[in-house]
Amino acid sequence: MGAATKLAFAVFLISCSSAGSILGRSETKECIYYNANWEKDKTNSNGTEICYGDNDKRKHCFATWKNISGSIEIVKQGCWLDDINCYNKSKCTEKKDSPDVFFCCCEGNYCNEKFYHSPEMEVTQPTSNPVTTKPPLFNTLLYSLVPIMVVAVIVLFSFWMYRHHKLAYPPVLVPTQDPGPPPPSPLLGLKPLQLLEVKARGRFGCVWKAQLLNETVAVKIFPVQDKLSWQNEYEIYSLPGMKHENILYFIGAEKRGTNLDTDLWLITAFHEKGSLTDYLKANVVSWNELCLIAETMARGLSHLHEDIPGLKDGHKPAVAHRDIKSKNVLLKNNLTACIADFGLALKFEAGKSAGDTHGQVGTRRYMAPEVLEGAINFQRDAFLRIDMYAFGLVLWELASRCTASDGPVDEYMLPFEEEVGQHPSLEDMQEVVVHKKKRPILRECWQKHAGMAMLCETIEECWDHDAEARLSAGCVEERIIQMQKLTNIITTEDIVTVVTMVTNVDFPPKESSL
């Protein structure tokens with residue numbers, strides 16, 4: 001074997017070794033676990049943690065610590081979800097100069113056992129894990145092989161970038177530049193979060209009213225078996241452009257506990273009035289209140305459905321909610337609405353199909369005819385039209401509790417409650433909606449109010465049996481604005497007419513008292 005051949009063979013071996021180490025870093029299966037607040041969080045204080053995650057997501061280890069006058073205090077160590085800032089980092093290194101709380105992440109089993117601060121490159125770790133001194137031979141080999149390894153790493157990194165693009169990893173979510181809380185991170189666990197009372201229970205868990213420092217927040221707690229719903233909701237909230245006044249305000253996400261005792265938390269803004277369902281059960285609404293709720297609800301759904309390129313924080317894809325109902329619309333103190341609960345939501349990105357997404361999801365009562373039939377066209381517009389059918393039913397719920405018309409206001413009922421009761425089966429809904437093509441009743445007295453008559457027409461165009469004939473959320477928003485303007489004009493004209501009639505009356509002259 002010639003000298004050139006030997007050299008090529010050596011470079012090949014080094015390249016393979018480098019490739020193995022680089023590709024191996026993404027195979028993080030276990031991390032060192034530590035929680036300084038273990039007593040309060042009711043978890044283990046230290047040990048190891050198995051990292052769970054989807055096959056197409058990368059897993060990392062992380063560490064957070066404080067440096068108080070040269071004394072290192074570890075706050076948390078454990079597993080960390082897919083984050084581009086952690087890719088291909090075998091060492092857990094903080095690069096900021098002097099943060100209040102140091103944070104680093106890395107790839108590789110137990111890579112967070114030791115952690116570093118890059119300006120000084122000092123190893124900061126528990127006293128039980130002393131730094132091991134590298135032998136001189138190791139340093140000699142390292143410095144001599146650096147040039148060759150750099151070339152090998154560049155080649156392999158280029159190949160990895162090509163594969164990364166080809167396999168179409170989900171886009172990494174960067175923090176939005178809109179004002180508001182930072183994206184979810186383990187540092188949220190440093191703030192005292194106290195659960196106060198259960199406010200609601202649903203398919204994927206329960207919602208608590210909680211106290212975060214001086215702020216009242218909502219905490220949605222998922223059991224570990226509903227991790228996919230928690231992860232999907234977290235990813236939807238973290239998309240660029242999702243900070244909107246009519247979409248529930250997202251604060252952060254956390255994993256509490258270990259192994260089978262793990263709970264998954266989503267922390268959002270808290271709204272005391274609760275859901276639209278709860279509000280309509282206890283209250284009637286005026287015409288102006290109906291318009292305010294309906295307009296802001298439509299505005300939130302329109303923003304969710306919209307594909308918006310060129311935002312400062314990236315491209316916002318169109319998102320279908322897939323579980324629109326009055327229970328998932330929350331009311332703020334001023335009665336403006338915000339859309340909540342994205343556990344079933346689906347995002348649509350250019351060049352990607354909906355794939356194997358199961359179409360028959362959501363709440364049966366609000367399922368569109370095509371969903372009940374299982375005849376869904378798995379394209380973006382089809383899913384958005386399914387949302388609009390359910391939106392029409394929510395508008396009907398609002399109309400049923402409005403005092404604008406002269407007729408009586410009925411007790412609150414869910415859509416189709418008269419026909420199928422409170423717990424319909426899939427077959428019940430198929431019979432009523434698909435075969436009989438029934439819809440909730442639009443009262444005759446509603447037609448006598450100009451605004452309510454236009455609202456009834458809008459509702460019918462939202463729940464049309466032909467999906468392609470349904471209105472968009474943006475169109476509904478514009479219609480509601482026009483409805484309110486029209487009724488204001490009519491009211492003003494009526495007042496002018498009455499005043500004119502009164503001023504044109506010939507009153508008899510007053511008799512003199514003299």
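A Cβ is built for glycine as well, from the same backbone N, Cα and C atoms used for every other residue.
When you check Swiss-Prot, the disulphide partner of CYS105 from the set CYS79, CYS86 turns out to be CYS86.
Looking up CYS104 in Swiss-Prot gives a disulphide bond whose other cysteine, out of CYS92, CYS106, CYS111, is CYS92. Taking LYS199, ARG201, ARG203, GLY205, VAL207 as the binding-site residues under consideration, the smallest Cα distance to ASP323 (active site, proton acceptor) is found for ARG203. Summarising the environment of LYS199 (ATP binding site), the number of other Cβ atoms within 10 Å of its Cβ, over all protein chains shown, is 19. Neighbouring residues of the recorded ATP site, listed in sequence order and excluding LYS199, ALA200, ARG201, GLY202, ARG203, PHE204, GLY205, CYS206, VAL207, LYS220, comprise ILE221 (Cβ within 8 Å of the Cβ centroid). Computed over the topological domain 'Extracellular' (21-136), the whole-number mean pLDDT of the model equals 77.
Neighbours of VAL207 (ATP binding site), defined as other CB atoms within 10 A of its CB across all chains, total 21. Reduced to three states, the DSSP call for LYS199 (ATP binding site) is strand.
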